[in-house]
C-alpha cells in the first residue's frame, strides 16, 4: 500500500469545498493501485463486459483508460509534487474569482482543497477511494507531475438519500471533483475521466455510479448524459430560495 509523503502527512479533515459540481469552466460556484489496473483503449461502442476476457493480460499495465489522447491512472500517493498539482487543478476549476484580494483568497482556497485531498488519501481504504488523474498521452517523453491536467474523485458511499432509489443496492461509487485545466477543455478529457470511473466501478465490483450537478449547468448535465447517466431526482423548489444555494440534480449510471 502506498503512503503519503511525510511532509504532507498531517492534514485536518475539512469539508470538501465543492460538493455536486464539476470544474469544467461552465459553472464555477465523489487501490494503492488496484489489483487489476487496466489499460483500455475505448471505442464508443465498447462495453465493460469485454474486460473479463482480458484481465490476465492487463494486470501489469498502468492506465485505467487511454483514449482521445489522454491517459488516466490513479494519483501517485508517494509524489508530493503530483498531490499539490492535483489540488491546484481542482482549486483553479472551482475557485470563484473575487473583485478584491483574489490572489489572497485563492491561496487559502487551494490550501483547503489540498487539505481535503490529503485527508482522504490518508484515511480512506485504497478500495473505497481513488483520485484519478489525466495526463496527455506521450510515447517519447517522461511525464512529470506537472503533466497532470485533469482529475476526478471516486468514493464508495452508502447514503440512504441515494440508495432509496435503488432497492437491493447496498453501496455505490460517488463521482465528484471533476476538474479539467482551462487550457485543455473541450478536448474530451472529461469524457475520458468518466470512462475511467466506469472501469474502476467494474474492477471494484460495484454496480452503481452516482453524481450531482447543478440543475442549470446544461453543459455538465449533457456531458454526464452522454456518458450514460440519467437524472434520478432534483432538489425541491424551496431549496433555491436559500441564499447562495442552487438546485442540484442527482444522476446515476447502473451496470447489470
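Note: Cβ is positioned from N, Cα and C throughout, glycine not excepted.
Residues or ranges marked as transit peptide by Swiss-Prot on the basis of sequence analysis: 1-41. What Swiss-Prot lists as domain 'N-acetyltransferase' is 106-256. Per Swiss-Prot, the feature acetyl-CoA binding site maps to 178, 179, 180, 186, 187, 188, 189, 190, 191, 217, 218, 219, 224. Residues annotated as active site, proton donor in Swiss-Prot, with similarity to another entry given as evidence: 224.
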Per DSSP, residue 187 (acetyl-CoA binding site) is which: helix, strand or coil?
coil
What mean pLDDT does the predicted model reach across the domain 'N-acetyltransferase' (106-256)?
91
Find, for the listed binding-site residues 178, 189, 218, the residue with the lowest Cβ contact count at a 10 Å cut-off, counting only other Cβ atoms.
218
Given the binding-site residues 180, 187, and counting only Cβ atoms in the protein chains shown, which has the most within 10 Å of its Cβ?
180
Collapsed DSSP category at residue 180 (acetyl-CoA binding site)
strand
Any same-chain residues 6+ apart from residue 191 (acetyl-CoA binding site) with CB under 8 Å of its CB? Would you list them in sequence order, or say none?
68, 223, 226, 227
If you draw a 10 Å sphere on the Cβ of residue 224 (acetyl-CoA binding site), how many other Cβ atoms land inside?
27
If the acetyl-CoA binders are 178, 179, 180, 186, 187, 188, 189, 190, 191, 217, 218, 219, 224 per the record, what's the largest distance between their Cα atoms, in Å?
19
